[in-house]
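Report on the structure given below.
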Amino acid sequence: MEASTSGTAELPRSLSRRAPSRATTMMIDRPNEDASAMDSELVPSSLASIAPILRVANEIEKDNPRVAYLCRFHAFEKAHRMDATSSGRGVRQFKTYLLHRLEKEEEETKPQLAKNDPREIQAYYQNFYEKYIKEGETSRKPEEMARLYQIASVLYDVLKTVVPSPKVDFETRRYAEEVERKRDRYEHYNILPLYAVGTKPAIVELPEVKAAFSAVRNVRNLPRRRVNLPSNAPDEMRKARTRRFNDILEWLASQFGFQRGSVANQREHIILLLANADIRNRNNEEYDELKPSTVTELMDKTFKNYYSWCKYLHCKSNLRFPADCDEQQLQLIYISMYLLIWGEASNVRFMPECICYIFHNMANDVYGILYSNVEAVSGETYETEEVIDEETFLRNVITPIYQVIRKEARRNKGGTASHSQWRNYDDLNEYFWSRKCFKIGWPLDPKADFFLSSDEITPQNERLNQVTYGKSRPKTNFVEVRTFWNLFRDFDRMWIFFVMAFQAMIIVGWNGSGSPAAIFDKDVFKKVLTIFITSAYLTLLQAALDIILNFNAWKNFKYSQILRYVLKFSVAAMWAVLLPIAYSKSVQRPSGVVKFFSTWTGDWKDKSFYTYAVSFYVLPNILAAFLFLIPPFRRIMECSDMRIIKLIMWWAQPKLYVGRGMHEDMLSLFKYTSFWIMLLISKLAFNYYVEILPLIKPTKMIMNLHIRNYQWHEFFPNANNNIGVVLAVWAPIVMVYLMDTQIWYAIFSTLFGGIHGAFSHLGEIRTLGMLRSRFVSIPIAFSRTLMPGKHADDYVDQKNITNFSQVWNEFIISMRSEDKISDRDRDLLLVPSSSCDVSVIQWPPFLLASKIPIAVDMAKDFRGKEDAELFRKIKSDGYMHYAVIESYETLKKIISALLEDEADRRVMNQVFLEVDLSIQQQRFIYEFRMSGLPLLSDKLEKFLSILLSDYEDQGTYKSQLINVFQDVIEIITQDLLVNGHEILEKARIHSPDIQNEKKEQRFEKINIHLVEDKCWREKVVRLHLLLSVKESAINVPQNLEARRRITFFANSLFMNMPSAPRIRDMLSFSVLTPYYKEDVLYSEEELNKENEDGISILFYLQKIYPDEWTNFLDRVNDPKLPEKDKSEFLREWVSYRGQTLARTVRGMMYYRQALELQCYQEVAGENAKFSVCQAMASNDDNQKAYLERAKALADLKFTYVVSCQVYGNQKKSGDIHNRSCYTNILQLMLKYPSLRVAYVDEREGTDAKSPKVFYSVLLKGGNKFDEEIYRIKLPGPPAEIGEGKPENQNHAIIFTRGEALQTIDMNQDNYFEEAFKLRNVLEEFNKERVGRRKPTILGLREHIFTGSVSSLAWFMSNQESSFVTIGQRILANPLRVRFHYGHPDIFDRIFHITRGGVSKASKVINLSEDIFGGFNSTLRGGYVTHHEYIQVGKGRDVGLNPISIFEAKVANGNGEQTLSRDAYRLGHRFDFYRMLSFYFTTIGFYFSSMLTVLTVYAFLYGRMYMVMSGSEKEIMRLASPHQLEALEQAMASQSIFQLGFLMVLPMVMEIGLEKGFRSAIVDFFIMQLQLASVFFTFQLGTKSHYYGRTILHGGSKYRPTGRGFVVFHAKFAENYRLYSRSHFVKGLELLVLLVVYQVYGNSYRSSSLYLYITVSMWFMVGSWLFAPFIFNPSGFEWQKTVDDWTDWKRWMGDRGGIGIPVDKSWESWWNSEQEHLRHTNIRGMIMEITLALRFFIYQYGIVYQLSISQKSKSFLVYGLSWVVLLTSLIVLKMVSMGRRRFGTDFQLMFRILKALLFLGFLIVMTVLFVVCELTLTDLSASILAFLPTGWAILLIGQVLRSPIKALGIWDSVKELGRAYEKIMGLVIFAPIAVLSWFPIVSEFQARLLFNQAFSRGLQISMILAGRKDKAASSYK
């Protein structure tokens, strides 16, 4: 061995004894893990290459410990060579651990096969090869062979270090060469072991896979590359001089340098795509070639976006096919190259047109290689100077683009920088929407402007990934600016319409009689025409906003774009001037503004000019309306290349690559247009008659009054028409007008959604009674919808029942395995497997329950004379008829099988024969005594019970059985049969051996082992149930969730769904789940860990799910089950009731289970066993072949990838939680072999200066550990650039397969019965629709499974359920604006991977990444549908705090959407009515929520102005009673909109549809009693606060909610931190407003009117201030209240500092709350200061109401109040400074100072009281006046933080803030403390929070109190 290059001496061969360091415990600290097994999994990332060696050592440890020791020694030597100085992270600790272990093993291990190590390892290597590899090639599976070849390779590497090269014997060398030669064929594979030899899985024998593989391997005539190497080139390079290639992808890799892992990944990808497409619509014949159309169709799908891109840029496509080429081969080359580019593009995948550019140039290169020289055509070798390695493409193409993305992402400064300061993914991608992208060149030119990330030049010696924060590059096409003007810019047509309609209604109401018919009056109509002047000004505003807000992108604009903006503005300005001038000349006596414009044209008197001008003005709108009515024509125009058309469209809308041709078909247009026309008519009529018209007369009255007696200093006492009062009255009305469309939308969507749901057959089977009544038709519906083929039969036959029963029983068994039902429920619900044994259909016993006892009673009491009458009664109940016949025939078969003696069997046969004959001859009632039937039934029930019972003593068991059976025979022969003895005698006479028949007692020989046979036992159990269940099984199953699932599944079979295709014809699909660090599977410690109330998760779940806990105990109550397995089952039981990854994986694996059953049914056909489990247990070779083929088809169709981004870090982490996550994920892979896990692997270099290397890695479960399948190097860290979740999805999406992709979040679940319907759903992609558009996203229904925990969870569940059902139903049809709202939508995978993926990832702006995926799909011509015949489970947050955090995140996301280019483009590219749908179902909902809150503010501040100024009092004094009444009604009209009850209408409608309207009404009232309105009002505040703050200041971020079990008490300080700014401050402000309104207006207004007007406002204040405590468990328990107060005082008093978390110090929290102000722009600062000025109004108004002011109206009064305020603040500051400076050293002086100040205060107060007539009322009012002023000063100080810090008074601002926080906390806490004195309040709250649980008899009070029986927590 050579010395280390670092100069460190080589490690000696013999190990010296050393003292172990701290690192030797790194394995010992993990008691639950095998240290010897885990060392290979804990290798530091810089030493990753030694991990396989250590794995091999662990593998062979038991077989040969000495060779394992040699392997570890080799690993240690290699690690020492790689990092001799141990400078890498964790290297020193790991090497120390390994050295310690080697020292121990050196002594303990000895050679077994030879005398020394060289001979030992050679002998072992030869034995290993002969025993495992040589013999295994024909008998072992490919994955086993891959593992063995890997072990053999590692062993030979170790052998070469132990044995000198000359001493390696010939046999060993020959074996090693053989291993090296075949090793590439045996690698770990994903789905297809393509190059494996020997035993092949069934999937590679499928003809479609063979044909696809053959096509990909067609490399005929492809030229080979030979590199001219210098003479001193290394041997490795010379070996690779002429690269060999086996298929098209390897050839492309040899030409362009794609990575080996990427080639293997995309090889399998394209083969599966081809195979799945090719088999479709073929018969099951064998074939070896692809259909010509298969590759063509795949190419069309793959390159549709590329063709569109080329057409848009007017460049010729480089997909060229010469006349004499092999077209299919060339097509596959192009497709493969695109997929290889996409597979290595990493973050560039978010830039689809950038990928088009790369492909465009590489396709040209391919064409040049193939067809530009003679050598290429013939397939000869060609020479080149360029050396290509497997990272060439990544290094030369992807990395430079990635570095641009990364540099730009760093400019956002962690999401705090303005969007206009950096280029996001969209900006960089849209660079490739113009021809200037070709300036980048090919190969890429690093000097091109695209690669310059700033205007500053980066020095050459600067590292590549370092960012220079210079002047940013201009944005592309759009600039995201934080301003509310975005709402107007995006939806200008809507706002213009609303403003014009409002103006028109006011004009008609003002000038006419009030009737809308007044518009036809000539003068009124002329005035109405002024709405077009308003329109012109608003259009000018829109044009100006387009110019101003996009200014930062002008440098990147084309000349035509700039010209369009300028012309748009110029034309808008022209109309804004021309229309007013024209109108002014049409007015007879102009005045005001009209007179001003009339002077512009002198004496021009043409009165009709205005009419002509308006006609010309609206002409473009008329043309647009015409095109709107003919959407196909508009679609053609938008996509046309004709110059005149392009000119027209250039003016109408800017030319963009996306957003063209989005118009719907005529039918869809008619539907959503009708919807909105009806809605707008209703809205405008309501606005006119209820809001506007009643206010016209009071407004005229106010304007005509002459108010002169103001109560304060009025700045504009001579203002005309009392404009201030008019504004105060009209402001809330205008806001209501702008937001009430949202309420009308809720009403109309409820009606239309309910009608649509009813026509979709929702809720037709919603109870068990309905299920029982329609169960007969369910097998028919099942066969018609869920089984392939034509099903015209409308009657139940045996085939229908067989197919149905297989699925139904698997469904029932799956629910039993989930513990939803008990064993008894399962037996009652199962359909028997032996249905062919009886002459009637065997229905589940729950339908036949009690039918036999009823039939027995009916027969016993029958007094008729004819058999027919009795049988007619029995047949009148179909199920009874089935039960009677089945019981009789089953009894015959069981008795016949039980009897071993032939004579006994003859007797029974004679009895049964007599029964049959009597029935045929209709003499049954004469030959049988009906009175004996009850006794017979009881004895049979007892007999079957004994037969089914477990026994210890066989003799006792048999004797009991014989005795009861003999009793049964005796009853039959003596009590039942009239001629029983004759029948027995007849049986004896017919005996063939009558002479020798013994006189022994009959029926003693019984086969007691019969029930050991599973099939017979099922029959006995079923017969026992039919006989024993006396009561009706109407409540089976008892579990509510099981009932819901059964009824939904049954109901869905009657809904409109596509017919099921054959499995081979169905679309293949993948499921992708992103995972970060959430819980995977709860550990035992977590299950039993108690919270502060002494409650563990396990105990909590036992009480929440008592029936499921009982079922679980029954399931694991098996003495043979090991305790370890019981413990594992317990962990799973708890985890499957939380929101864990284990639950999600189990649910998604139901897809695989359902597919295997479906495949088995089709492959086996009529030979299918009753279930897959039976087939697996069978020894039949045919059945095994069927199963193998079924699994192969399932592999072909389904892939599940979980993107565990940090799995590699968790693997090596020392954190207990992370290690637990790793272990549990590994266990999931081992449990589910088809599960795949993708993660980002970070590899550190051995040198500290070397950068990290990142890889995307795909894993599967191996023997004991994970096995690596693919490893693809990345250009850098993938998750640093954008939002975490979409980046996590993006890195793993390359490992998904198929034509469809379902995105599933980690809080979701699935159900077996729903998984069976997935192939039907996938057919929606192929379903022909109007307009020939096929969907690109299929929306699926969700069931919220977290609704039973508490009342809050129930509210949230109902709210979410209404959105994912009726809400999305109406969005998809008729409104056509459904997008992607998260999961579990199914994407057209090919469509989306070629267009940027399933989500967007730009930092902050794409916070709600999912909906942007829907936006992107729609803008690129996609189409989104929604389907409710299938459901997927989903969990939601169940506590108020997590719910509020989630709502804040969504509101933040909607705020960012408002700024986005996607919203702008959709708002402009949709037609008017579709644009309305888009607005009111996305960001409009949040803006309307904010307007609702602002309406309250406008109302109260307006009223405060009227009260304080004295205007309201004067109006009341001067106006007549009639006028006053009209004004009061107008003032109260808007209050009805604050209640918000109408917003729950969709919820009520959906509950009514699916549970019945009686249930809906009951649920609605219960929700109100549980204060649901308080909850929804509280959430209104959350939405409005975070939405508004996001638009003004930013600060959006992902907010993790936890998703845990939430039944714990949140401390007061925690609630205060979370809700202080969003609710408490605003609530207290409204409270002060209401108090001021009450105090200063009470003398002249009736209190009833006041309460009516403000009741909703009081309700809002109460909700915002106290909802967090009402919905806080134990919120009013006295001890917790005391603890909360202590905790809050500690938190308020603690000083902050660097690194102090917000939950530890008020100062840290206070600083964090101002974070958004530090990063806001100048607009945000000005707006914040402007809003803060409103608090000065209180002081201004109140000081003039004080007695001390002596009714003076001078402004000096207000000035003096400021003197008092500032003096008070200065005195307080002096005291504070004195305490700080003199409090310690000059205590006496400080005390004297305080005394003087106190005396001065007393003197001043005495003078004020005595001389100035100050009163206590004045004092209270002064406090009410000065508190808001101080708060305003504080707010302004926070905004102006930097200058205030410079002045040195920031500490004063901070202390002022602390004082206000203390006051607010005290005000809020006081009512809580008072209520906590009364125990009944706490009891009431518990009932309020957990009423759902109480109704189910649960011990919630025990949970809250923490009192529990410890024994109850045990499952033993």
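FYI, residue positions are counted from 1 along the chain as it appears here.
Every residue gets a Cβ built from N, Cα and C, even glycine.
TrEMBL entries are annotated by machine, without manual review.
Because the structure is a prediction, the values reported are computed rather than measured.
Under the heading domain '1,3-beta-glucan synthase component FKS1-like', TrEMBL lists 329-445. Positions annotated as region 'Disordered' by TrEMBL: 1-23. According to TrEMBL, the transmembrane segment annotation covers 494-511, 531-553, 609-632, 675-696, 717-737, 743-762, 1478-1500, 1649-1671, 1755-1775, 1796-1816, 1822-1842, 1863-1882 (among others).
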Helix, strand and coil counts within the domain '1,3-beta-glucan synthase component FKS1-like' (329-445) (DSSP): 83 helix, 4 strand, 30 coil
Non-local residues, at least 6 beyond the ends, that sit with Cβ under 8 Å of the transmembrane segment (717-737): 498, 502, 687, 691-692, 695, 698-699, 702-703, 705, 707-708, 710, 1491, 1494-1495, 1498-1499, 1501-1503, 1505-1506, 1509, 1511-1512, 1515, 1527, 1530-1531, 1533-1534, 1537
Chain residues in Cβ proximity to the transmembrane segment (1863-1882) (below 8 Å; excluding those fewer than six residues from its ends, i.e. six or more beyond): 1612, 1616, 1620, 1624-1625, 1628, 1665-1666, 1669, 1674-1678, 1681, 1684-1685, 1688, 1692, 1827
Candidate ranges 609-632, 675-696, 1822-1842 - greatest C-beta contact count to the transmembrane segment (531-553) (under 8 angstroms): 609-632
Distal contacts, the transmembrane segment (1478-1500) - CB-CB under 8 A, six or more residues away: 487, 491, 494, 731-732, 735-736, 738-739, 741-742, 745, 1367, 1371, 1375, 1377, 1379, 1411, 1451, 1454-1455, 1457-1458, 1463, 1466-1467, 1470, 1534, 1537-1538, 1540, 1580-1581, 1583-1584, 1587-1588, 1626, 1630, 1633-1634, 1637, 1657, 1660
Same-chain residues at least 6 beyond the ends of the transmembrane segment (609-632) whose Cβ lies under 8 Å from its Cβ atoms: 529, 532, 535-536, 575, 578-579, 582-583, 585-586, 652, 663-666, 669, 1471-1472
Sequence-remote partners of the transmembrane segment (1649-1671) [C-beta within less than 8 Å, at least six residues beyond its ends]: 1351-1352, 1440-1441, 1496, 1499-1500, 1528, 1531-1532, 1535-1536, 1538-1539, 1571, 1573-1575, 1577-1578, 1580-1581, 1610, 1612, 1615, 1618-1619, 1623-1624, 1626-1628, 1630-1631, 1634, 1637-1638, 1641-1642, 1868, 1871-1872, 1885, 1888-1889
